[in-house]
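These notes are about the structure you will find just below.
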Amino acid sequence: MGSYYINRTFFFDVHPPLGKMLIGLAGYLSGYDGTFPFQKPGDRYEQHNYVGMRGFCAFLGSCLVPFAYLTVLELSKSLPAALLTAFILIFDTGCITLSQYILLDPILMFFLMGAVLSMVKCNSCADRPFSASWWFWLSLTGVSLAGAMGVKFVGLFVVLLVGLNTICDLWDLLGNLSLSLVVFGKHLLARVLCLIVLPLALYTAVFAVHFAVLNRSGPGDGFFSSAFQSQLIGNNLHNVSIPEHLAYGSVVTMKNLRMAGGYLHSHWHLYPEGIGARQQQVTAYLHKDLNNLWIIKKHDSDTADLSDPSSPVEFVRHGDIIRLEHKETSRNLHSHQHEAPLTRKHFQVTGYGINGTGDSNDFWRIEVAGRRTGELIKVLRSQVRLTHVATGCILGSSGKTLPKWGWEQVEVTCTPYLKETPNSLWNFEDHINPKLPNISLDVLKPSFAEILLESHMVMIRGNSGLKPKDNEVTSKPWHWPINYQGLRFSGVNETDYRVYLLGNPVIWWLNLVTIGLYLLITVATAVALKRGVQLTSELKELSRVVLHAGGQITLGWLLHYLPFFMMGRVLYFHHYFPAMLFSSMLTGITWDALLKFCSGLLSPSTTARRVYAGGFLALVLLILYSFYLFHPLSYGMIGPLASNPSSPMAGLRWMDSWEF
């Protein structure tokens, strides 16, 4: 996708464009020419200059360490807690692996942690509102939010975290009776400007640049509307003139409005034995093809005479009953009460008849969404529905991929459920009729607001429709905190360097134990404060750090983890890494507080200091030793797989689900 930006070729992705744009920019500035195919991991780059893109991602990934360090230092005011957090992130094999490749994840996490750090720094300036530093950190929070949202929709979770923090902050200010309502209004306006208007403006600007740069036809065309495609250089709709209104005898293509619904298509192949009636296949095809062409005819007469230049033009109107004859095979679009191949409660759609002669199951009523009977039908702009006259079902694209007998094209069905969805709406794209005057497609050019809305609808539908590919390693959210299963990143045999995405087990299990430990400490602290237990000044400060700082970090972990349990789309191990950053910061804060509490119970100060230093040193050494053991996961393993007793990694395969 970075190559597509360099070549200005339009593509479709389920995520917003900022991450890919930055990767493309890094490649362009470092001399990469955008010609490497990136077909599969392990392909040799040869003369292609890839270092700039990998270096850019690695740099942003390495910034996570100082961001987390400064965040914990600001929240806890404890240097050891910040150092422990930094050690955890420096020596986690998962963070290293994710950061050293050309991926969106380090870019996403950079902006996410930037937003958290800026939010915390802004909170620390609460005693001097509207100062230069306060405005700087508030504005930087907004910029970081735009960045996180612009890379992946997961950035919404950090937007929610900052939003909840802002609401609490404003609620406290409202309760401060020393502030006038005018001053409170200024606070509210400042946050609206910096945390809503600024991020939205930057987010919109990213899309403006995205559409300005990608102005050439490419693999993403078919996912977007015909009107949008007409702007792309090289697309068959670019700078063309076609007749505006549909007429009998016109040759057309029909595009389904469902995301990746495809063009109405047929070919000489029949449905196989046992799949409905053994008639000609009708599918939806995502690419331009001569088999997408259909001739519009009257239902009760042939229109051969309409090709005569002297015959009058008859326009197709909303509510007319028509036939659609496939131009290449001369068979009519047909449906009947046989089951569709994949969507069993829908009816099969076929090509039927000889030289355009079929039966009454070839008749369709054409209706335009929101129109009155008798109105003309416009190319590109009219959204039409084809209702089968005999059965009352509606022609649609299910979005399901047919098996190999259907050439892995998209299933077309006739649905008896009359709910209006993009699946059952179509528009006419190509339109050939020599008897009609042409209009330029420039008049159909969508506005930027329409393009922005359409791109988001396509991305959201694409995200929700993501399904695992054959033999693809997917995972469930409960797998992630326990480090249940990793992802093979490269290498397939004993001679390749094999890289495996798996968190450092000691660090991840320490993080998991710490979450439970933190909950126990929080409950004990809250009960002690509620019962009026007299605490020393040191313990009061510790309880404030545990409840306030730890609470903010725990909220961040929950917001970046729990939503995945409600998602229907395919999920992968790497989705947990934003939450892992929060659990690592919580580990630093919790163990620092726990060691201080334990050392505080000991009377001689020298003993207390030794206990604290010893505990801290033990944790650091444990992290260092675990990294020494597991670092080949990130930097490359060679030789037999760990399941082989002779492998150097054999003793480190602590769970059977690890496949390194």
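For all residues, glycine too, the Cβ spot is worked out from N, Cα and C.
As written in TrEMBL, here are the features:
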- 243-299: domain 'MIR' (DOMAIN)
- 313-369: domain 'MIR' (DOMAIN)
- 374-431: domain 'MIR' (DOMAIN)
- 51-70: transmembrane segment (TRANSMEM)
- 82-103: transmembrane segment (TRANSMEM)
- 134-167: transmembrane segment (TRANSMEM)
- 188-213: transmembrane segment (TRANSMEM)
- 506-529: transmembrane segment (TRANSMEM)
- 545-564: transmembrane segment (TRANSMEM)
- 576-599: transmembrane segment (TRANSMEM)
- 611-630: transmembrane segment (TRANSMEM)
Checklist line | Leading stretch by Cβ pairs under 8 Å, where the reference is the transmembrane segment (506-529) and the options are 82-103, 545-564, 576-599 | finding: 576-599
Next item on the list: Please work out the helix, strand and coil residue numbers for the domain 'MIR' (313-369) from the DSSP assignment.
Entry: 3 helix, 29 strand, 25 coil
Checklist line | Non-local residues, at least 6 beyond the ends, that sit with Cβ under 8 Å of the transmembrane segment (134-167) | finding: 15-19, 104, 107-108, 110-112, 114-116, 118-119, 121-123, 125, 128, 190-191, 194-196, 198-203, 206, 459, 463, 552, 555-556, 559-560, 563, 575, 578
Check: With pairs 6 or more apart in sequence, are the transmembrane segment (576-599) and the transmembrane segment (188-213) linked by at least 3 Cβ pairs under 8 Å?
Finding: no
Next item on the list: Using a Cβ cut-off of under 8 Å, list the residues of the same chain at least 6 residues beyond the transmembrane segment (611-630) that approach it.
Entry: 80, 84, 87-88, 91, 93, 502, 504-507, 510, 591-592, 595-596, 598-599, 602, 652
Item checked: DSSP residue counts for the domain 'MIR' (374-431), split into helix, strand and coil -> 6 helix, 27 strand, 25 coil
Item checked: Chain residues outside the transmembrane segment (545-564) and at least six past its termini with a C-beta under 8 angstroms from it -> 72, 75-78, 116, 120, 154, 157-158, 160-161, 164-165, 477, 480-481, 515, 518, 521-522, 525-526, 571, 575-576, 578-579, 582-583, 585-586, 589-590, 593
Next item on the list: For the transmembrane segment (82-103), find every same-chain residue at least 6 residues outside the stretch whose CB is under 8 Å from a CB in it, and list them.
Entry: 2, 23, 50, 53-54, 57-58, 60-62, 64-66, 68-70, 72-73, 76, 486, 489, 499-504, 507-508, 510-511, 574, 577, 580-581, 584-585, 587-589, 591-592, 616, 619-620, 623-624, 626-627, 630-631, 633-634
